[in-house]
Structure formats: structure tokens, C-alpha cells
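A short worksheet on the structure shown next.
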Amino acid sequence: MSVDIAVVDYGMGNLRSVSKAIEHVAPSATVVVTSSPDVIAEAGRVVFPGQGAARDCMREIDARGLREAIATAARSKPFLGICMGMQVLFEHSEEGDTACLGILPGNVQRFPHEAMHDDRGNKLKVPHMGWNNVHQGAPHPLWSGIEDGERFYFVHSYFVQPTTPDLIAGFSHYPFPFTCAVASGNIFAVQFHPEKSQNAGLTLLGNFVTWNPGEHASACDLSGASCA
């Protein structure tokens, strides 16, 4: 069976809602939820969702032998990371002092307790949970048809800090600006949940299933060259 889109299953994440949302925007595509490295390698596109703790995520990825399959997919085909699937693409997470996949340069930091208050001094809760505006930091095909400042749904206590500003494709505020979307080569990854973000999320997923990364050159070469 030819697989158009593989949704990576490493035992963590709301995989059914992700796969159903993709099937909704791509009804003729073959969408498979899989933990098979071979299926991931054969798929035309890969979606890498996830939720939970970074240490648990990395343990499950390695237990299933998925590390190399994920890295290869990120370097060779359209690849969408979602929530924890975005965070572990980076080098290190403060959560459990966890070494991550190291596909993208940067780290993952917890929202600092001392900064979590609004302009009137009211305490803000962690995790950051609910709808928030997303500002497009750079043009990208996955933003097509989505207004700058559109609202998406978030659930997270940690956020990524890329060491290369050119990676930043979108940001939000809680209560300070933080990166919520990155783009590099074949990779687009988001902190929010497009599958829970109604029309805006479905638009982004629809853009992903038709995206040809070769038509959108990235400033960062994943083969190992430095980012310009």
C-alpha cells in the first residue's frame, strides 16, 4: 500500500484527532498512523505530533527505533511537527534535562515563574492553555490563506528558543513574545495544535498536504551547513 501521509505514533499524543483532521483536508490521500520506520521512510509526507513530557517522548522514540526515521524524514520530505513534536526537534529541553533529536539548533525552556503576570500584575497560569494570536514572523506557504494574528489553540508549559533567528516563522505572546512556529527546509513545526484550531488549523493542514518545499528555499541548510 502506498502511503501519502504518515502520522508518527510513539505512544504519546492525540493521534486520532490529528489523523482525522488530515483526512478531512485530504480526503483522497492515504493517511496512516504508524510506528514503523519503514512506513515512515516510504511515506510522501510525515506529521510528527505529540504531547506529554520531553524525557518520556525521547524514551518512547528510541524504544521504537524511530530516531533515525524521524531525522531522515525531516531532511528529505515535507515534515510537520506539532506541539511536543516541535520541541524535541531541537537540541535540549529543560524538562527533565533531556537531550532531544538535535535536528534544529536551539533549546526548550519552561515559562519562567517570575515572568508570569499580565500588564495589571495578575498571575498567569502555566500551562499556557487556550486560544492565542499567532503572528507570522516570516512568509511561508503554510501561512497561505491565514491572516496574520489569527488565533490558534495552545496547551504547553515549555517553548522553543531557536539559536538561529531565521528559523522563526511565527510567534505569540504569553506574557512575552515566544516562538510558536519554525521553518527550515522540509520542516515546518508549530507549538499550537492545528487539529484543535478550527478553520485556521484546517487551512494550515491543507497547505501542508500540498506544500512543495523545493519551491520555498530555507535560510538554514539541514545538511550541516551554518544558517545564514
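Cβ coordinates come from backbone N, Cα and C, glycine included.
These numbers come from a predicted model, not from an experiment.
Residues or ranges marked as active site, nucleophile by Swiss-Prot: Cys83. Per Swiss-Prot, active site is recorded for His193, Glu195, and the stated evidence type is sequence analysis. Look at Swiss-Prot and you will find 4-218 tagged as domain 'Glutamine amidotransferase type-1', backed by sequence analysis.
Rounded to the nearest whole angstrom, the C-alpha distance between Glu195 (active site) and the residue listed as 'active site, nucleophile' is 11. Taking a C-beta cut-off of under 8 Å and a sequence gap of six or more, Cys83 (active site, nucleophile) has these contacts in its own chain: Gly13, Pro49, Gly50, Gln51, Val155, His156, Val190, Gln191, Phe192, His193.
Across the domain 'Glutamine amidotransferase type-1' (4-218), the prediction's mean pLDDT works out to 96.
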